[in-house]
Amino acid sequence: MEIRNLTVIKEFILLGLSGSAEQQYFLSVLFLCMYLMTISGNMLIILVVGFDTHLHLPMHFFLSNLAFVDICFSSTTIPQMIVNLLTDTQTISFVGCLSQLFFFISFVNMDSLLLSVMAYDRYVAICHPLRYIAIMNPHLCVWLVAGLWLVTYLHALLHTVLMAHLSFCASNIIHHFFCDLNPLLQLSCSDISLNVTVIFTVGGLLALTPLICILISYGLIFSTILKITSTQGKEKAFSTCGCHLSVVVVFYGTASAVYFSPSSSFIPKSDNLLALMYTLVTPMLNPFIYSLRNSDMKRALQKMLCKGAYFQQQ
């Protein structure tokens with residue numbers, strides 16, 4: 001048996017968005033404000049949906065789940081990045097790195113799957129309105145979300161276990177602001193062919209299936225909208241679809257650019273910017289896109305705020 005004298009790496013160094021001290025301070029303040037907006041905006045969605053019984057519908061059930069996932073999604077990476085920008089401590093333990101990888105993969109996959117379920121929900125509501133309640137019943141919605149969580153956790157566990165079996169015997173510097181697949185594979189001195197195969201097969205299937213469902217759903221929705229005679233009805237429907245599709249394009253465009261390019265082509269600066277788009281910008285925009293432009297959500301928010309003000313006066 002061949003014995004190799006390897007230095008076991010017990011921690012990694014996250015370089016993140018390195019730069020001058022002034023730049024790091026500015027970025028930390030900027031990202032902290034964006035993170036707080038993400039948390040408060042998505043938390044507000046959950047509170048409004050729970051407060052108003054008129055919003056206890058499949059669409060708003062999925063929306064509240066998306067808000068919860070976006071909170072967890074951003075919290076997996078952004079606080080660590082802000083701490084690294086403000087302090088000289090940029091290390092993360094091996095176990096902590098794998099834990100971050102597991103939760104990140106879980107939440108990013110759950111985000112994409114929920115977007116596809118929301119597209120299907122809109123398809124049923126617009127194309128089959130008379131059968132909407134029967135098809136999208138509460139039991140189906142709950143079991144559907146539970147099944148999605150199971151799939152995402154199993155997928156994340158697969159990548160985490162494969163990563164844990166790799167040897168890291170060279171540099172421990174990660175040119176990223178969190179522990180992601182491609183940056184970690186760049187540091188491994190083991191054979192990563194199995195990991196790459198799993199990324200392009202299992203990961204590709206889990207990424208392309210929701211995207212195909214979204215495209216099919218909206219293709220059928222658009223064909224139905226074109227048959228609507230009311231101009232106002234068409235504009236309202238197209239506006240709703242356009243908002244959702246804009247989030248889909250940003251999310252899938254940046255994520256696919258990072259994960260489905262060869263690991264050897266990993267470029268730290270460009271990949272960091274792309275990762276920031278779907279880990280921070282998209283979750284921050286979701287409350288504005290799905291709530292502030294939704295009349296039912298705005299009415300429920302006004303009702304909740306008025307009721308809160310009334311109790312304060314008492």
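Cβ from N, Cα, C; glycine included.
Keep in mind it's a predicted model, so treat the numbers as computed, not measured.
TrEMBL annotations:
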| type | residues | note |
| --- | --- | --- |
| DOMAIN | 41-290 | domain 'G-protein coupled receptors family 1 profile' |
| TRANSMEM | 25-49 | transmembrane segment |
| TRANSMEM | 61-82 | transmembrane segment |
| TRANSMEM | 102-120 | transmembrane segment |
| TRANSMEM | 140-158 | transmembrane segment |
| TRANSMEM | 192-225 | transmembrane segment |
| TRANSMEM | 237-261 | transmembrane segment |
| TRANSMEM | 273-292 | transmembrane segment |
Contact yes or no, the transmembrane segment (61-82) and the transmembrane segment (192-225), 3+ Cβ pairs under 8 Å, gap 6+: no
Local confidence of the prediction over the domain 'G-protein coupled receptors family 1 profile' (41-290), expressed as mean pLDDT: 84
